[in-house]
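J.: Here's the feature list from TrEMBL:
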TRANSMEM  23-46  transmembrane segment
DOMAIN    39-288  domain 'G-protein coupled receptors family 1 profile'
TRANSMEM  89-118  transmembrane segment
TRANSMEM  138-162  transmembrane segment
TRANSMEM  198-224  transmembrane segment
TRANSMEM  236-258  transmembrane segment
TRANSMEM  270-290  transmembrane segment
Amino acid sequence: MPNFTDVTEFILLGLTSRQELKVLFFVVFLLVYMITLLGNIGMIILISISPQLQSPMYFFLSHLSFVDACLSSNVIPKMLENLLSETKTISYVGCLVQCYFFIALVHVEVYILAVMAFDRYMAICKPLLYGSKMSRTVCVRLISVPYVYGFSVSLICTLWTYGLYFCGNFEVNHFYCADPPLIKIACGGVHIKEYTMIVIAGINFTYSLSVVLTSYTLIVIAVLRMHSADGRRKAFSTCGSHLTAVSLFYGTLIFMYLRRPTEDSVEQGKMVAVFYTTVIPMLNPMIYSLRNKDVKEAVNKAIIKANLGQ
């Protein structure tokens with residue numbers, strides 16, 4: 001029988017053990033975190049104050065920015081602390097809390113991306129019904145579902161993580177508490193946790209991605225039927241930013257969670273996790289602002305108004 005040990009804390013091994021790289025990583029990720037917060041909070045404020053950004057698409061985008069800011073804030077501060085700390089520990093309760101919010105926010109984000117794809121489908125394929133079918137009340141209901149579902153599923157997943165048993169090895173080969181490296185060091189409750197992680201991730205990614213793919217398939221069909229070249233170009237331009245965000249986010253998460261945890265997959269997943277916990281939340285505001293005419297115009301008007309106010 002395994003010699004189970006009571007866990008009070010874990011040691012997060014982080015990204016590197018080389019001292020000369022730790023300071024460099026600290027500076028880089030601190031800068032990334034500041035840009036992420038400024039970009040996403042700035043996007044939320046811009047959408048709230050700009051009359052031309054009051055459509056459902058930007059309402060959903062403001063929630064995507066909120067979730068991105070929360071996702072980074074759940075991971076990066078502890079990573080920055082451990083880069084400069086000798087102990088690199090996280091309490092058992094703190095680990096479970098970090099797991100809970102991470103899983104919840106990831107599920108919320110994938111379903112917000114699905115809702116945004118449905119919104120684009122309604123705007124392009126059913127423009128005459130768009131105003132009535134995508135009213136403010138409908139938008140609030142649509143955005144509520146990802147939050148309620150994401151935090152409910154995360155509670156179940158975290159309880160299964162709580163069911164893992166450990167036998168003395170408390171070194172987590174990651175920079176935050178993630179399921180795959182925790183499963184790798186556990187010596188009890190592994191099979192049920194591993195199975196449910198893959199099944200739940202598979203079901204949710206498949207369902208949300210099917211909504212995205214179905215919406216865009218219908219959008220492409222509708223756009224190809226348009227007689228106006230300008231109409232086709234405008235339709236595709238409104239979807240380009242969202243498709244870029246979807247490709248980046250889904251691609252990295254599928255690579256991380258739809259595989260059995262092994263030594264190699266955990267090490268590779270750690271590198272991929274850097275991308276979707278730090279880089280993608282930083283890039284999303286840039287993707288939606290640089291490739292979106294309405295957002296660029298709103299930014300220019302906000303700058304002009306601020307200068308006139310001075």
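Including glycine, each Cβ sits where the backbone N, Cα and C put it.
Where in this structure would I find these features, and how exposed are they?
T.: With a cut-off of 8 Å between Cβ atoms, the residues of this chain six or more beyond the transmembrane segment (89-118) that come close are 7-12, 57, 60-61, 63-64, 67-68, 70-71, 74-75, 78, 142-143, 145-147, 149-151, 153-155, 157-158, 161-162, 172, 176-179, 182, 204-205, 208-209, 211-212, 215-216, 242, 245-246, 249-250, 253.
Long-range Cβ contacts of the transmembrane segment (138-162) within its own chain (Cβ-Cβ under 8 Å, at least 6 residues beyond either end) map to 56, 59-60, 63, 96, 99-101, 103-109, 111-112, 115, 118, 179, 182, 189, 192-193, 196-197, 200, 204.
For the transmembrane segment (198-224), same-chain residues at least 6 beyond its ends with a Cβ under 8 Å from one of its own Cβ atoms are 107, 110-111, 113-114, 117-118, 120-121, 124-125, 153, 157, 231-232, 235-236, 239, 243, 246, 250, 253-254, 257-260.
Away from its own ends, the transmembrane segment (270-290) comes close to residues 15, 29, 32-33, 35-36, 39-40, 42-43, 61, 64-65, 68-69, 71-72, 75-76, 173-176, 178, 181, 241, 244-245, 248-249, 252-253, 255-256, 296, 299 of its chain (Cβ-Cβ under 8 Å, at least six residues beyond either end).
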